[in-house]
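The disulfide bond annotation in Swiss-Prot covers 31-81, 40-64, 56-77. If you look up Swiss-Prot, you'll see 31-81 marked as domain 'BPTI/Kunitz inhibitor'. As annotated by Swiss-Prot, signal peptide applies to 1-24, with the evidence given as sequence analysis.
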């Protein structure tokens with residue numbers, strides 16, 4: 001196969017990987033963690049992935065600690081965790 005053909009194949013495989021939705025087996029383990037506001041008293045509107053409902057939901061984050069199932073935007077949550 002020519003180098004141009006290899007580059008085309010690599011490009012197509014990369015595009016396929018980017019566009020393929022996340023499946024539950026590919027989902028990071030932290031997506032299964034519950035929402036966790038943490039002990040601080042801030043009022044940050046963020047999103048977490050609810051594995052029971054299979055969707056990203058908003059919650060209030062206090063600003064410290066918590067866990068990794070915490071996203072600034074719903075888009076970031078969906079790209080990382082939603083199938």
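Quick reminder: no glycine exception, Cβ is built from N, Cα and C everywhere.
Here the CA atom of residue 77 (disulfide bond) lies 9 Å from the CA atom of residue 31 (disulfide bond). Model confidence over the domain 'BPTI/Kunitz inhibitor' (31-81) stands at 97, taken as the mean pLDDT rounded to a whole number. Of all the disulfide-bonded residues listed here (40, 56, 64), 56 has the Cα closest to the Cα of residue 81 (disulfide bond). Counting other Cβ atoms within 10 Å of each Cβ, the disulfide-bonded residues 56, 64, 77, 81 show the lowest value at 64. On its own chain, residue 40 (disulfide bond) has 62, 63, 64, 65 as residues at least 6 apart in sequence with a Cβ closer than 8 Å to its own Cβ.
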